[in-house]
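Heads up: the structure comes next, in structure tokens.
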Amino acid sequence: MSHCGAPSVPEPEKKVPWQYFTSALWQYNVALVQMLALCPTLAVTTTATNGLGMGLATTLVLVMTNALISSMRHTISPEVRNPVMIGVIAGVVTLTDMAMNAWMHELYKVLGLFIALIVTNCAVLGRAESFCLRNPVIPSILDGAGMGAGFTAVLVVIGGIREILGSGTLFSQASSLLGSHFKWMEITVIPDFQGILLAILPPGAFIVLGFLLAAKRVIDRKRAERRQQTHGELVVLQ
């Protein structure tokens, strides 16, 4: 168990490289399985654009910290590993914060303090402790990319649902927040829609997250039943 409250996820001894990514993306999803990083998940996702920006920033931090901590795993003594990991995470987050302030200033103003708070994100520290200290650099990078992609997907879906219900748009202000190249993402889903106020308020985030959690449970159960049925058919054929 991580000191940050993140569950120490057991990993198989051997995996095909892409399995490190896919298992982190779905099986150990940061928000839907480990229930970590709920503060930005609920607070930032008023629009899909905000969710995408926060997700990409977190993904960058996860990939870089996983790579750095994994490369130092044989040189960090157990007595000081937590301060060292927090220092590495803080350094990477500071660089990410400065980069977003320089090149995505409008998005930086919207996300504000939540970028700096990635330092305290239990998903980052917990994964560094439970995975990166035990695995080589390449699997750690793939794991970080999978964790970040899964987290980004959840933020975008929650933000997209709330934005559509709240204002009838999708990825609004993407060109101003992310850059002019993202103008094509801006969609008016429901023209002249007055919106549902609850959707853009904090309770709306909890409600949408609850539906996503339920949907994942249903999908996982159906997949398990399908695998069990297939296994039973193979046994009969043998």
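Indices start at 1 and increase along the chain as displayed.
Including glycine, each Cβ sits where the backbone N, Cα and C put it.
Per Swiss-Prot, the feature transmembrane segment maps to 24-44, 52-72, 84-104, 106-126, 141-161, 195-215.
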Quick one: do the transmembrane segment (52-72) and the transmembrane segment (195-215) have at least 3 Cβ pairs under 8 Å, skipping pairs fewer than 6 apart in sequence?
-> no
Near the transmembrane segment (24-44), which residues from the same chain, at least 6 beyond its ends, have a CB less than 8 A from one of its CBs?
-> 5-7, 9, 50-51, 54, 58, 111, 114, 117-118, 121-123, 126, 142-147, 149-151, 153-155, 158-159, 202, 205-206, 209, 212-213, 216
Apart from its near flanks, which chain residues at least 6 from the ends of the transmembrane segment (195-215) lie with a Cβ under 8 angstroms of it?
-> 31-32, 38, 41-43, 45-46, 154, 157-158, 161-163, 165-168
